[in-house]
Amino acid sequence: MLVAVVGVGLVGSEFIKQLLSIPAGSSPFKLVSLSSSSHTVFFDPASAIPSVEKWKTILSESSEKPDYDGLTEKLSSLINPSTKVAIVDNTSSDKIASLYPQWLKAGINVITPNKKAYSGDLGLYEKILSVSKESGARFLNESTVGAGLPVISTLKELVATGDKVQKIEGVFSGTMSYIFNEFSTGSPDGPSFSSVVSVAREKGYTEPHPADDLNGFDVARKLTILSRTIGSSSLPPLQSFTSVQTASLIPPALEGISTGDKFLKRLPEFDADFDRMRQDASAEGKVLRFVGVVDGVKGEVKAGLEKYPTSHPFATSLGGSDNIIMFHTERYSPRPLIIQGAGAGAAVTAMGVLGDLLKLV
């Protein structure tokens, strides 16, 4: 299989490392193209695969600029009955996501951790589905939810085998997981909310501007992807992730603050409000967790702060930036199917991407 990679940042670089680390004699893949935001390089499929040590230099020294129409033309010309081609999009770009129908129509498979195409405009998502069905080229997006955790593939198998998904609930954000694992342990006291968010930022768990995590949009995108994967008529037709009922944790007075530093400087003004929520939860023997829910029975998709008993898996099983997802279905009832583990990080995300690529072999 011939592989073109778009996006060579943290996840992209790790993916290339994992791909090229497969022993040459047993690898079913040949890397034929690399593209960053400013450089691109195309390799002769008959030539040797670039090494883990040399690909960055080869790409940075290339004088060619990204040309995705040209890339599509080159890759489609290589497809034949014995040769499959896949593009791996490791970016978070809306522009690149909009190219998926074009690639699929050309017979090029698409693998990505990019959530934009699957959680954005419903029209684009439906176009991806229809074009994939017409051409036979596949799109796989395991790492759009839960990084390397088998969330999407498990859901697809549940649906394909006729199980009825009643509800999916989980802690889908590694950032929110860390923040509330530290902030709310069942005790009425503990570190201030602003200090926990500041530490999370220092550790690299949050975006440079923490409001981009606290607004809940990342969870809303993942819920949109899950809802669309289920494809049930009992769920609302989400036009985009903005259709999800999302309860932001950004204090209204801090909406629109331009930088992360300014935001964190003012966040302590609202610590008393978060302390009160923690105390109320503790008085009920519960903890606070930012969760996402896709409820096929109630017909709702929502994300927000909820309270759970201190004996609940959301309280006892999480550590660090773990994700945990519960599938309540007709078959997995009354005890749900639970998937848990690291839900963020370049290594596990890239593993999920490579795992998708292996499904095409």
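The backbone N, Cα and C atoms fix where each Cβ goes, glycine too.
Lifted from TrEMBL, the feature list:
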type: ACT_SITE; residues: LYS222; note: active site, proton donor
type: BINDING; residues: GLY7, VAL8, GLY9, LEU10, VAL11, GLY12; note: NADP(+) binding site
type: BINDING; residues: THR91, LYS115; note: NADPH binding site
type: BINDING; residues: GLU207; note: L-homoserine binding site
type: DOMAIN; residues: 7-140; note: domain 'Aspartate/homoserine dehydrogenase NAD-binding'
type: DOMAIN; residues: 150-358; note: domain 'Homoserine dehydrogenase catalytic'
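Closest to THR91 (NADPH binding site) by Cα-Cα distance, out of the recorded positions GLY7, GLY9, VAL11, GLY12, LYS222, is GLY7. Surrounding the centroid of the Cβ atoms of GLY7, VAL8, GLY9, LEU10, VAL11, GLY12, where the record places NADP(+), the chain contributes additional residues within 8 Å, namely SER13, GLU14, PHE15, ASN90, THR91, ALA346. Long-range Cβ proximity for GLU207 (L-homoserine binding site), meaning a same-chain Cβ under 8 A and a gap of 6 or more residues, is found for THR175, ASP213, GLY260.
The two recorded residues, VAL11 (NADP(+) binding site) and LYS222 (active site, proton donor), have Cα atoms 18 Å apart.
Of the binding-site residues VAL8, LEU10, VAL11, VAL11 has the largest number of other Cβ atoms within 10 Å of its own Cβ.
Residue pair GLY9 (NADP(+) binding site) / the residue listed as 'active site, proton donor' shows a Cα separation of 21 Å. Ranked by Cα separation from LYS115 (NADPH binding site), the recorded positions GLY7, VAL8, LEU10, GLY12, LYS222 are led by LYS222. Ranking the binding-site residues GLY7, GLY9, GLY12 by other CB atoms within 10 A of the CB puts GLY9 at the bottom.
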